[in-house]
Each structure stands twice: as structure tokens, then as C-alpha cells.
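The following features are taken from Swiss-Prot:
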{"type": "ACT_SITE", "residues": "89", "note": "active site, proton acceptor"}
{"type": "DOMAIN", "residues": "96-332", "note": "domain 'Radical SAM core'"}
{"type": "DISULFID", "residues": "103-335", "note": "disulfide bond"}
{"type": "BINDING", "residues": "160, 161, 192, 215, 216, 217, 291", "note": "S-adenosyl-L-methionine binding site"}
{"type": "ACT_SITE", "residues": "335", "note": "active site, S-methylcysteine intermediate"}
């Protein structure tokens with residue numbers, strides 16, 4: 001029999017089983033522990049008091065480095081430090097309807113290099129481990145339990161391209177929806193991507209009730225490639241075909257995200273292109289006001305009247321359309337704003353001290369939660 005290590009990691013099944021056998025514990029002990037921590041989000045103190053064996057378990061893989069609460073709305077930015085010493089961010093969004101959404105990161109930095117995105121400007125991605133993705137959920141859930149609030153939705157719309165970390169993101173979703181772990185419905189989870197057709201299809205097949213979103217931002221191939229360099233790898237036709245195939249698997253609307261950029265993609269002609277591209281796909285379009293970033297001074301936000309006019313054109317064609325406005329502007333939690341000088345410095349230090357190529361990482365972006373996610377649950 002393999003002896004249990006001095007401390008074991010919460011989401012490592014083999015390590016946990018070795019610990020159980022080493023301590024000769026009833027299998028129900030760990031079932032109850034996971035139930036209290038992952039479903040009820042009880043505090044560490046409560047878990048340690050109820051289960052002395054928890055002292056031998058690493059309950060968290062992330063260290064909460066800083067918390068910032070918005071003074072103007074219900075957003076909270078959580079800054080976590082990873083074991084590698086780099087920083088990631090999650091955002092809690094307390095919606096006026098009473099729903100609460102957590103926006104999680106899947107990578108440190110991002111390789112997609114979107115022109116409008118702070119993260120994309122700042123470096124090559126380093127994948128977060130499955131346990132680092134899940135610990136964002138655990139720690140946010142514990143905060144919300146203290147407020148007597150429930151976590152309604154989890155969206156992979158934070159830092160990084162989830163489908164560039166497909167293995168760990170998929171495993172995280174497996175555990176989020178596993179009855180013996182978080183036991184969440186897949187319909188409460190959303191994954192947003194800039195467009196990786198094969199990965200989108202794999203997720204849809206594995207989780208038919210999972211919500212998926214595409215960061216489209218233009219229905220003109222040339223324009224999209226300018227603002228999303230990764231668009232060169234997957235054409236608009238390929239993305240349309242992927243969504244069409246996904247909708248033969250999933251009986252639900254597909255989310256389309258469209259960032260409104262002045263004189264780039266916000267004309268009536270752009271709206272008509274979008275309508276034509278969507279065609280007979282069952283989608284919900286979310287129009288997103290742009291938050292300016294220093295690294296892209298040539299990009300500007302569309303005016304509110306232009307956004308509303310664009311929305312009217314889409315609605316007149318029969319498309320479900322929502323204009324979304326930011327939460328957390330005062331704490332830099334809104335789309336494209338999550339950048340920290342400290343992480344720049346840590347990334348520079350990592351470049352000097354680490355030899356592995358995947359250490360060249362860095363910066364943070366959280367996109368706003370997609371409106372309409374709640375309406376998908378029972379479809």
C-alpha cells in the first residue's frame with residue numbers, strides 16, 4: 001500500500017484515497033467533507049473543526065492576495081497569487097435581479113492577442129491547473145456564503161482563452177458538474193471563446209447542456225482578423241459551420257458577443273453583415289460597450305446612440321439582442337481593464353529566473369457576464 005503524502009491536494013483523487021486508507025477513515029468522511037466545502041462552501045475553519053483530517057489536506061491552491069469591492073455596484077475583484085508567484089483575477093458580479101455570477105480565469109495571460117484586450121497585449125499564456133480554476137470557485141463561494149448569497153452562474157470569461165487550456169478547463173467542468181464534487185448543472189456554466197471550432201465541438205459533445213459563447217466582434221473577415229489575429233486560423237464560415245453543428249447537439253441558444261468599436265464595426269452595414277452571417281442560427285447577441293486600454297489608443301468606444309441604433313437593426317430582423325453595460329468600472333473589473341503593474345514586474349522577474357518557455361506570462365482581463373444565461377437553464 002502506498003503511504004499518503006504529508007499533505008494531499010483536495011482535487012487529487014488518488015492522494016485523497018491514499019490518505020483515507022492511511023488514516024483508516026470511513027469513505028463517507030471525505031464525501032461529507034466535499035459536500036460541505038464544494039457544495040455548501042463552508043468556511044475553512046468550519047471544515048477543520050468538523051473534520052480533523054482536513055489538516056492534512058491542502059484546501060486551497062491559490063492565496064487570496066487582495067479583494068476590491070466596487071462602491072457603485074455589486075462587483076468584487078479577487079486577486080489571487082498562484083504557486084508560481086503570478087497573479088490572476090476573478091470577479092464576482094452581483095446582479096440586480098438577485099443572481100450572482102463568478103467570472104473565472106483559465107490562463108495567466110493570453111496568446112489570442114486581440115487588439116482590444118489588455119490581456120492579449122501582455123504576453124503568452126500559461127495554463128492554470130484544474131485545481132487553480134476550481135479554487136477560484138471555492139473561495140468566491142465562501143465569500144458569498146458569508147453574505148447569505150448563492151452562486152448562480154460560473155462563466156469562463158476571465159483572463160485567457162479557455163480552449164487554449166482545453167484539457168484543464170474540461171476537467172474543471174467535469175468536477176463542477178460531478179455529483180460527488182460541486183454538483184452544479186451544466187446550464188449554470190458558460191465558456192466563452194474567440195473561436196476554436198474543434199474545441200467548441202468537443203465541449204458541446206461532452207456537455208450538451210453547457211452554455212457556449214463566441215467572441216465574434218465582426219462579421220467581416222478582414223475586420224475580424226485585424227482586431228482578432230486568431231481569426232486567421234478559423235474563418236467566419238468555419239465558425240458558422242461549427243455553431244450549426246453544435247446546435248444539432250445542443251437544444252439551446254448560442255451566445256454571440258460583439259464589442260462595439262467606433263468606426264470599426266458599428267455601422268448599419270456592419271449590423272446587416274452580422275444578420276446575414278447569423279442566418280438561421282439560434283443565437284442571442286450581446287452588444288458590449290468598449291472599455292479603452294492604453295495599449296490600443298487607436299480604438300474608441302461607440303457612442304450610446306450608435307449602440308442603441310445597432311441593436312434596433314438587429315432586433316428588427318428578429319434577433320434576440322441585449323446591450324450590456326459594465327459592472328466594476330471603479331475597481332477595474334470590467335472588460336479589458338484587469339491589468340496590474342505588480343504582475344508586469346513579476347512577469348519580468350520570471351523571465352529572468354525561469355527557463356521554461358511557458359513562464360513568459362502575464363496580464364489580466366475579465367469580460368462582463370453574458371446577459372441571458374439564466375434564461376438558458378431550463379431549455
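Placement of Cβ uses the backbone N, Cα and C atoms for every residue, glycine included.
Looking at 215, 291, the binding-site residues in this record, the fewest other C-beta atoms within 10 angstroms of the C-beta turn up around 291. Cα to Cα, the residue listed as 'active site, proton acceptor' and residue 216 (S-adenosyl-L-methionine binding site) are separated by 24 Å. Of all the recorded positions listed (103, 216), 216 has the fewest other CB atoms within 10 A of its CB. The CA atom of residue 192 (S-adenosyl-L-methionine binding site) is located 11 Å away from the CA atom of residue 103 (disulfide bond). Under the DSSP three-state reduction, residue 192 (S-adenosyl-L-methionine binding site) is assigned to strand.
Residue 103 (disulfide bond) and residue 215 (S-adenosyl-L-methionine binding site) are 15 Å apart (CA-CA, integer value).
Counting Cβ atoms from all protein chains shown, the residue listed as 'active site, proton acceptor' has 27 others lying within 10 Å of its own Cβ.
Regional average pLDDT for the domain 'Radical SAM core' (96-332) in the model is 93. Closest to residue 103 (disulfide bond) in space, going by CA atoms and restricting to the binding-site residues 161, 217, 291, is 161.
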